[in-house]
Structures are given as C-alpha cells and as structure tokens.
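Q: The structure under discussion is supplied below as structure tokens; questions concerning it will follow.
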Amino acid sequence: MTVFILEKHDVDVPEQIATAIKTIEKSKPGLRVSDDIIFLDRENEEDAYNQLCSSLSKGVSSIIDLSWASWEMGSGLPIIRSTLDSQDLITAMNSYLESRNATDAAILVQSENDVDRTLYTLLGKSNVRVWVNSGLTRDSARSLSRMRPDPSFYIIAGDRNFVTRTYKRAVKEKLVRRDYRWNLVINDYEPFDPAVLVLPSVILQIDTNECCKLMGVSDCTCPTNTQRKQLILTNLLQYISETLIKLNVGLTKMTCNENNNDTIDQIVMFQNGGNESMFYWNDEDLNLRTPFILSTFKPNEGLQRAASWSSNEEYKTLPGFEFEPLRDFFRIGTYPAVPWTLPKLDPVTGDAMHTEDGQPMYEGYCVDLIEKIAEEMGFDYEIITPRTGDFGKRLPNGTWDGVVGDLMTGETDIAISALTMTAEREEVIDFVAPYFEQTGILIVIRKPIRKTSLFKFMTVLRTEVWLSIVAALLLTGLMIWLLEKYSPYSARNNPGAYPYPCREFTLKESFWFALTSFTPQGGGEAPKALSGRTLVAAYWLFVVLMLATFTANLAAFLTVERMQTPVSSLEQLARQSRINYTVVESSTVHQYFINMKFAEDTLYRVWKEITLNATSDQAQYRVWDYPIREQYGHILLAINASGPVPDAKTGFRQVNEHTEADFAFIHDSAEVKYEITRNCNLTEVGDIFAEQPYAIAVQQGSRLQEDLSRTLLDLQKERFLEQLASKYWNETARQTCPDADESEGITLESLGGVFIATLFGLGLAMITLAWEVFYYKRKENKVNVLEKPKKIAFSKVRKRRDQVTFGDTFKPVSHIKVNPKNDYIP
C-alpha cells in the first residue's frame, strides 16, 4: 500500500492519483499501486501525524509526500518527497533573480493555493523578498502600484492563458514601465505569443521535449491542453512502483517512533536510470528533470535564448550571452515651485503636458538637476508630487505631510525640490550637501513710471526764473540801444575815433546781441563806449552763471530721477505708510514674519521683567529705551491689512498693476529674481534676508546619501550648478528691456524738446526765407513799374551783330563810342 500525503487544499489531486493508477495498471498489467490518502492540515498537523501512524501499523510499501513543503512531523519515516506543480519553475526563476542581484519581487499566480505553494517554496530558500498575490484585479493593481519601495521585479506565473491575460491587465493598469522588470513564467506546453509584450521582458518556459519524454515518445508534437501535472504524477508513481519492485520492497509494518530510513536509502542508492532518467534524487526529494529555457524579448528584435538548464543543474547563461545591466529605480519627490519645478506646457496649445500613463511632465532647475544626477549615477526615476501638503509641515498628530512626509513614509526615495534645510526637518530626514545656497526672502516692487516730457529740460527752472531771464534779456537789449544812442563816446556819436567800419547797434541789433550772448559763439562785436561795455560785461557774467546753473541742475535733475526708488530696505518699508505690501498666505515667508513677531514679543516681555525687577546689584539692566528695534510687529500688521495673497502669481500681478510703485511683494528670493528677469516692470528692493540653503533630502540612514553627496561635489567641480543658475536666472534677458541699463545716459524723451526747438528754428528760418524772397520780388516789381524806359536815338548808326538789347532799355556795349556826328566808331 502507498500512502499519499497531500495538502488539504489539493482537492483535485486524489482524482488525478486515481487516474494515474488506472493508467499505470492499464499500461503495466503486472504493476499494482494501491493508495491511502492523508490530507495535511498545516494548522493541525498532529491529526495528520496520528493518521499516518495508524496507516503504518497496517503495513505500507512507500510514503509519498506531495505537499508543498517538508513536513517536520514526519522526520525519521521513509517518506519520498516530490512536487507536482510549478514549484520547480518558481525555483528556477528565483535562481535567475538572484543572479541579477534582486532584493525583492512581486509574484502574481493563478489561485490562492498557488500563493501558499509559492510561499512554501521560497520561504527559507530564497534571498529575495516576495509579495505574492493571486491574479491581478483593479484593487490588487492599485495596491501593487502603491507598494513602497517599488518591487525590483514582477513575475507572472501560470499557464499561457493566465500569463497573457494578466500581462495585458498590467499594461492597462500602467504597471509595465521599465525594461526587463517583468518576468513571465509559463508552466504548460502551450506556445506563448511574445507580440503582447510592450517592453523588453524575460520569459521562462519548459522545453517541450519534456512533454514527449513524459509521454514515452522520442519525437512528438505536444497535444493542446496537455495536463502536465497529470503526466508528472503518472510517471512519478510508475517510477516509484518499478523501483520498489526491483528492490523487492513489499509491505512493511513500522511505527512512528522508529528510524525507518533504510528503505529510502536503498531507493536513493539505486538511482534507477542514472542521469538519463526522468527523475533524480536530491537528498530525500524525488524531482523531475525539468528542462528550462530562459529567453529575453525586445520589441522589433524577437526572442533570444539566454539560458538553458535542467532542474538538477545550476543556472548559468549560455556562452557569449550577457544581460544588459539593470539600472536602479528611484521615486523622486518634488513640488511645483518657480523656477525649480514647473509644469511643462505644450508650445502650441499652452496646455500642461502629460506622459503616456497620464503623469504630469515637469521642467525647471530641479528637473534638470534630477536628469543630470540620474545620468551620473545611472538610475531610472519617476517624479512624484505629494498628494497632500507642499514641501512639508508637521501636523498636530506628529506626522508630516508634503515632500517630507512622503520621504518619511517611503513613498519616495529622494527629495529634490525647493526644500530648505531646517533643524525640525532634519529630525525626521537626512539632508545632503546644499545645491543652492543663495536663497532667502526678497522684496519686489514695480519700477516707478517716470513721467516723460519732450520739454522736461524746461522744468529744471521754475516759470518765474524763465520769465526773469527773458526780462533780463529784453532789458539788456534795450539798455544797449539807449547807451549806444546817447553816449558821446559810442561809435555812432564819435565816428572820428573809429576810422574803420563799426557795428551799428540799432534796437534790433541790440536785442540780437543780447540773445546770442547765451550761446558759446557769443554775441559778436561789443559796443565801443565804456558804459556799454560795462553793461555787456555784467550781462555776460549773468549769462555764464545762468548757463552753469541750468547745466548743473539739469544733470542733477535727470540723474536723481533715474536713481529714484521708493524704498531701499525692509526697515524703510516698515517705517513708511505709502507703500502697501503682502506675502503668500501660510507660506514660509508668512511664517517667518509670524515667528519674528513672536520673538519680538518674547524678548520685550523678558526685557521688561528684567528692567522692572532689577535690584541695586543689577543697575546695569535699568535702561530707559528698549534696546531692540521693533519692526516685525508693524510689518505683520501691514501684511494683514493688505491681505495675504493665495499664491505668488497673484502677488506679482498685483505689484505689476500698481503703476505708481505703491505696492510691494515679499517672497522667496529665487522666485523673485526669476520673475524680474522675465518682467521688465519689476525690480528688487534691498538685500536678501533670512537666507536658507536648498538641499537634496533622503530617508534617514539611506545608503544614497553618500552617493548623492559625491555626485553633487562632482557637479560643482564641473560648474554644472552655475550653468543651471545662469540658465534660469538669465540676466542677459534684462538687456532687452527698454531701460535695462540706467547708465546709458539721458533718454530722447527727456531732451526731445531741444530737437523740436531746433527743428522749429529751422522751419521758422525757411518760412522767413520764403517771406524774404517774396518781399524782395514784390519790391523789385514795384520799382520797375514806377520807372519809365528811355529811348535812345541813333542817326546813321550802322547795324552790327554785336548790338544787343535786353528788356525795355538799351545800353550800348562798353567798347562802342558815339561821336557827335552820330558816326559809328569801332
């Protein structure tokens, strides 16, 4: 009698055993196999043990253990252990995973029984951490996608239909995302169509020669829907029965308290068939020589055999074949911030872009840094944004949200974002060396719109000054004319003293002299009389002083106008009341002012207590004035009065809308500087304060900290971080602004009136010229009409060709002489 030990869940095996016995007895008439089945309950093994002991007392020829793992209660009994299902394939796949240095794997099998069977096969024998589940549903796919850390490998084990169906489901659920991470284990003889694979994968199959061998033929085509388990069971029972007959092993009565391993020793030593047989012994386990074929698949390249070995051999790849190196995979946490992590927009439509699996795409400083670090360290990555929170805040229950919270819970492996280093955060995560140190808080304000005027130079002097200059010019011109007219020593009244031609100072000429004296060319010849020269000297001194005053005031006026800013520091902003200012609500900047206000109140309270309670021995604490400047309380009140804005975009928009430069926005300095490079209307005020560096973060104790630090130092040596900074804070973009360089000089708008005055003078001169020509022609025609033409009579004058007459009068040629006798004399 043969006793079979089965798992209580293998309810289909007894029928398969009966079918195998009938097949054996039919093909081997002299061979008899009786059966007594014991179901093993792992939760209550004692009942199975008592049942086995009762069977032993009746006499048995063999004990065949077909359970999922060794049964410790049966130690010392002659038990032949073997497996029927896909345990050998799972073991073979485990050998491949260990050769790839796998640390974990997610295994999808067909049924709950396969889950337990797989766990019993691998527990205690594999170094790979496994997660096993039956099938793949929407819920299990969601659980698998949320598993942290992500499994290094995924395995689908089952028949061809199950593997194909499950893989398609995995693709639909967007789980298939990396090359060579999905491994397909097919435990039947049905041909698998690799066309369903979307990424490079690994396929483990059974060589179909096994089917022919189990069927007892040398060359065959394995029939469709062949029950491999049934074939193995039939051949196993036949092999054991034939071996026992050859060894002349009959029914033996034994007890559970005796060591009865002699029978097993005989069977093992017999080694029926040697290495060419279908079965082989491994200690007390009888296993089938299953031939495995491991293949790799690449789209557009097809299958390529990587390894071929049997279950009694060690796994090794075929000569000349090498697997492509597997890259590590990390989930990198970040949070949108300008210009660190920005949603990538379609250049045509302007809509946010997404990957094929629906994940948003990002660009920015941090994204470029992630790509560079991944390239240097050789890993693949996925960018993850937190479901709740932003960069990370401690919640009332002690947990964290945002990027820090995801890093703590293992949702992400690395955090590369605009994450500042704080002592509070460093209690729960580890920071790498900073990658951006010059950051803090900065004030941004709109540039004041200068009121331009073409005649701005006229505003340097007040109207009464201009009128006084005109009055001085007129009075001087009049006085020159009077002095020239009445002075006895003037050129007009004393012509004998000046034998040469002198300038005649008429009223018109006097005014012209006074006007031209304002030019570098000068007024020309001065009056000759001492009184006139005294007046001119005083007038010239007046002209020199007025020109110098106008030039100095014009330069100072235009320079001060260009350099004028409403405020230049946070202290000035706090002391004034014309400019309103705000921050982003609940941001780190807002929290900074709240904390500083709290610190001011605390310090004031402590100072007041020390001062009021000071004894005679503490006279140095008695001071009349509070030694610390109070400003953050006023700043916070002003912020609350203006109302914090919901986001930075709103803050910059409000600043841009206040054209009078009466609104300021206090925000992160990096984002402020980035916005200034893109908006010519904005300018920064003062210096950066409350500086804090940005740094990469990892989980506490992570092995990645040292690798990231080394990579970051290498990038600093290559000046890669400087290149990134110049890319996103491009100061050359400011050169496109109309007033990018304030030192270029005075603009045309400020002095355009000078050119207009010159053009006006030119136009006036042309009009005057036209009037002069018109006046002269009119006067000449009038004179010609008033004069009568004179007739000249010639008697006996011989006509010659050289006599020419023009107009109404006749004038003889100079060389023609007329004698009194009216004769022509040449």
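Cβ atoms here come from the backbone N, Cα and C positions, even for glycine.
Relevant sequence annotations retrieved from TrEMBL are reproduced here:
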| type | residues | note |
| --- | --- | --- |
| DOMAIN | 339-409 | domain 'Ionotropic glutamate receptor L-glutamate and glycine-binding' |
| DOMAIN | 344-731 | domain 'Ionotropic glutamate receptor C-terminal' |
| BINDING | Thr420, Arg425, Asp668 | L-glutamate binding site |
| TRANSMEM | 465-483 | transmembrane segment |
| TRANSMEM | 537-560 | transmembrane segment |
| SITE | Val567 | site 'Crucial to convey clamshell closure to channel opening' |
| DISULFID | Cys680-Cys737 | disulfide bond |
| TRANSMEM | 751-774 | transmembrane segment |
Q: Inside 10 Å of the Cβ of Val567 (site 'Crucial to convey clamshell closure to channel opening'), count up the other Cβ atoms and send me the figure.
A: 20
Q: Restricting to the chain of Thr420 (L-glutamate binding site) and a gap of 6 or more, list residues whose Cβ falls under 8 Å of its Cβ, or answer none.
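A: Thr420 (L-glutamate binding site) has long-range Cβ partners Phe391, Thr439, Thr588, Gln692, Pro693, Tyr694, Ala695.
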Q: Which ones in the same chain are close to Arg425 (L-glutamate binding site), with CB under 8 Å and 6+ residues apart in sequence?
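A: The answer is Gly392, Val404, Leu419, Phe431, Ala697.
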Q: Widest Cα span across the L-glutamate binders Thr420, Arg425, Asp668, in Å?
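A: Result: 19 Å between the two most distant Cα atoms.
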Q: Could you give the Cα-Cα distance between Asp668 (L-glutamate binding site) and Val567 (site 'Crucial to convey clamshell closure to channel opening'), in whole Å?
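A: Answer for this pair: 19 Å between alpha carbons.
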Q: Please report the Cα separation of Cys680 (disulfide bond) and Val567 (site 'Crucial to convey clamshell closure to channel opening') in Å, rounded to an integer.
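A: So the alpha carbons of Cys680 (disulfide bond) and Val567 (site 'Crucial to convey clamshell closure to channel opening') sit roughly 18 Å from each other.
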Q: Give me the non-local Cβ neighbours of Cys737 (disulfide bond): same chain, 6+ apart in sequence, Cβ-Cβ under 8 Å, ordered along the sequence.
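A: Cys737 (disulfide bond) has long-range Cβ partners Cys680.
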Q: Under the DSSP assignment, what numbers of helix, strand and coil residues are found in the domain 'Ionotropic glutamate receptor L-glutamate and glycine-binding' (339-409)?
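A: Reading the DSSP string over the domain 'Ionotropic glutamate receptor L-glutamate and glycine-binding' (339-409) gives 21 helix, 17 strand, 33 coil.
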Q: Around the Cβ of Asp668 (L-glutamate binding site), how many other Cβ atoms lie within 10 Å? Please give the count over every shown protein chain.
A: 24
